[in-house]
Amino acid sequence: MGAWAMLYGVSMLCVLDLGQPSVVEEPGCGPGKVQNGSGNNTRCCSLYAPGKEDCPKERCICVTPEYHCGDPQCKICKHYPCQPGQRVESQGDIVFGFRCVACAMGTFSAGRDGHCRLWTNCSQFGFLTMFPGNKTHNAVCIPEPLPTEQYGHLTVIFLVMAACIFFLTTVQLGLHIWQLRRQHMCPRETQPFAEVQLSAEDACSFQFPEEERGEQTEEKCHLGGRWP
């Protein structure tokens, strides 16, 4: 009974959840700003006048790339792209017109959105400036080099390691050459030794008949002495 009640409760929760309209959260504009409009007219405005959707000029920005405020209150956004290295400049009092002007010194625009951004200050993050930046590209930073003292210590360490490796390699090579020479010399030394052994054995084998002849002559001498 308890299992059926639990299953019924879960089913009711699913039905109630499906009956409610789903809310799609749009990305926020960040702290201190409010998002107004939708689609290509989506704007991010600073909190200037609570309760009012429209914001004064220079306090709103269109979220969609290449779109810009078309009036002082930024009620609508208009499409106006610019080439890389340029920014959009609005003209007019009631309805804005646009033109593209070059980015100021120290700023860049890599795309066609018409907004120039400041170059990255490499020294602020403790880096060196590899490329200072221009109107179409940001500055490129690289880590600072190590101090000269650290370079000196590293150089000494590397030299010592290289000397040790060279010494070990030389010793290993010398041992290898010595083993090869020994292998070539050993067969030549064993052949005379074998001949010496064979000659010694042959000499021993020839001594036995001489000893037998000596014994026979001694016996003959004894026998000869018996005969008158």
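Quick reminder: no glycine exception, Cβ is built from N, Cα and C everywhere.
Disulfide connectivity taken from Swiss-Prot links Cys44 to one of Cys29, Cys55, namely Cys29. Of all Cβ atoms in the protein chains displayed, 22 besides its own lie within 10 Å of the Cβ of Cys62 (disulfide bond). Cys122 (disulfide bond) sits 6 Å from Cys141 (disulfide bond), taking the Cα positions as reference. Comparing Cα positions, Cys69 (disulfide bond) lies closest to Cys62 out of the recorded positions Asn36, Asn40, Cys62.
Residues 65-66, 68, 80-88 of the same chain lie 6+ residues outside the repeat 'TNFR-Cys 3' (102-142) yet bring a C-beta within less than 8 angstroms of a C-beta in it.
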